[in-house]
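Student: I'd like to ask you about the structure that follows.
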């Protein structure tokens, strides 16, 4: 017997998509213990459909459903014409289903956990809502659950608040809440999208383990084909609210039938291609031994020092893209802030070698969130004009001409100048952000995660646009991202940052083909390829419990506590930078004095 | 937390000092003198001023005053010989404080309930009714409400007494007239923050857990919705606890507000200063309490205070 069967589910929002359904006539089934993936771009209705199963949609959503059965029990939501009593009855029934038989894990664990309620309380209240147990028993069960999802010190964690945990741990807590009453079906709505790559691997593995060990069926919603390939047995593909293809993971990935599935797959593999040839003629920006410390106002006079960036050196050539990868909190954005001169380095020097006649400091920045970084009350013309008003003495006609020119360059229309940001999609907004950065004709653009808020297909468009502009204007990019695929796609040279230090740097192609540093290896191994066979074989190297990156001041290699190859030496002293051709690496495995003398002329390869 | 509290108390004392200084010199800059009434001759006035030390240069007077203040002595009223300022405050404050405390309590309870009701009901009549009521409540000045209440319940219906503070029934009308404005503001604020919190993601998670709506509202939403409201309640409470001259005179209640206005009219320097200091202390203490309460509710604030 099927665990969940949904027949003919449609959802319509009256304020959005006029007349168009967000989900339209979707039917599918989930067997007991089965792992089913749901893929599609954003706006394809996959999340809306999942929310509709649990009846979590806001009241303005109009749900019509032929039938929805959970193990023979009817949980069909009342239609839009359903009267108040039916609705009340449905709500009452769902209160016993939600969290008890079907549980849900959401995308962003920070916003889905109540910031002012302790974690323990958030777990126990779920248990107590469905089971008749005492406080003490519920607490015991909560500790057990936290252990199960891999949180150590669970008793202490119970008394903590969500903001005291890292992103991965918060997601584990949400999973613990979902598992509290041993549901038969777990719906995971993009559970790893907001997390770092290495953490993403761990959460996926946890979900898989739980499903196998407890026999919980899993509906895994994601836009990330790699994650779906590694986790799921069966896949549903959704496009614009319709279910366009359904099949086993092998069928979908190796023999996609529907053109949309083929398009999705080619996009996912499209990111795996390499950047265009770039010629770095002369050095444009030189970063030399730069450090940045933050001082926390600690107890009385002892202020606590945090090293956000420690002794980083790099060079960016004219017309070149330099990629920088690292987990969140590793100091990437601090470094970007120093390159744009928004932050002052505590030590070291950043020298700009370019032409400074037009502007005092011709470096501009593109920001991550295209929704938050544009003022909603300014029209595009005003947004683009503002840098000109502040930095140049152009006449009004001149400014209008420049704005038009920029809009053309980034692929928008002239008429768009009069519109407000809300009239544009995410990708178009990012184009406006790029135009704003380019209007002062800088020579270096700092791109701080410019595509991570966008869909894969849009990502590719934006990256292509950036490459095109680079060719036309001979720009240099300092490209920061946590997404290894994106950095590989766009940059010629790259650096890997961990806990404020640059641990490996060199040619992008070389690093991807043969990563040297254990951290780079772990990062690359965590990248999921959209190929079920390869993805399942892949095992993450980082199995140790993730910790908040604690940066030991002045002592030891920052990666040593997580490194599988660490020796006593790694805890005692910081490795220097060892240079082999274009490759720079900070790891004792590659030092001459600790790993043996090397013949000159020998080609160095990975030591692990 | 303790460190934060100490810091706040120290900055409180500093601002109190600034307040005293400003008030002291401002009172001395007022035209006229405490003893200048119609039938006092020039020579008597001079000897009186000599007696009270008003002929000294203001800086000297200020030094003497500060010295006495440090000993806890607020001085003697200029207008009522033999009555110390502390006595005046001690006599007038209980009435004001009890009225103010009751009013703020009523405002908080009624305002919160109305706000939540307005935010969560689907009944349009209730929504509109509360909206209209709160607009009226913020728009009508409290003495108008006081007079209307008096006319209605006291004079026409003869249900409640309209003057003095002898029995519990005496409290009803002044408390209502004091509470209407803060209650309306709290209701509107609460409605706003509650609705905002209702659309947060954690409410969806609470629903997905299978929690009942009422439980979600009480344990999850209310705790977060309270924080912005609390920031209004602090100053409002301070305002009410220090007395409202208008309402006190309408109901002929011997409270602080009345004393204050009288003392200014009489140029009773010591009483003005004493009352100013007292109100300053009240405001500082209540604001500190609100901030500590905020920290109690919100762990993130607690961390920032550390």
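Yeah, the Cβs are placed from backbone N, Cα and C, and that goes for glycine too.
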Student: Which residue range, B:66-91, B:92-117, is the one TrEMBL calls transmembrane segment?
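Tutor: Feature transmembrane segment in TrEMBL: residues B:92-117.
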Student: Transmembrane segment per TrEMBL: which of the ranges B:129-151, B:198-220 is that?
Tutor: B:129-151
Student: Among B:9-27, B:28-46, find the range that TrEMBL records as transmembrane segment.
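Tutor: It is B:9-27 that TrEMBL describes as transmembrane segment.
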Student: For the transmembrane segment (B:229-251) and the transmembrane segment (B:92-117), decide whether they are in contact, meaning at least 3 CB pairs lie under 8 A, counting pairs 6 or more apart in sequence.
Tutor: yes
Student: Using a threshold of three or more Cβ pairs below 8 Å, and leaving out pairs closer than 6 in sequence, do the transmembrane segment (B:9-27) and the transmembrane segment (B:271-297) count as in contact?
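Tutor: Yes, since the transmembrane segment (B:271-297) and the transmembrane segment (B:9-27) share at least 3 Cβ pairs closer than 8 Å, they count as touching.
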Student: Sequence-remote contacts (6 or more beyond its ends) of the transmembrane segment (B:92-117), Cβ cut-off under 8 Å?
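Tutor: Those are 126, 130, 133-134, 165, 171, 174-176, 178-179, 182-192, 194, 217, 222, 229, 233, 236-237, 240-243, 248, 253-259, 278, in sequence order.
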Student: Any chance the transmembrane segment (B:129-151) and the transmembrane segment (B:171-190) are in contact, meaning at least three CB pairs closer than 8 A with a sequence separation of 6+?
Tutor: yes
Student: Determine which residues of the chain contact the transmembrane segment (B:171-190) at the Cβ level, with the cut-off under 8 Å and only residues 6 or more beyond its ends counted.
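Tutor: Hits for the transmembrane segment (B:171-190): 98-100, 102-104, 106-108, 110-112, 114-116, 118-119, 130, 133-138, 140, 142-143, 145-146, 149-150, 153-154, 160, 162, 165, 225, 228-229, 232-233, 236, 240, 244, 247-248, 250-251, 253.
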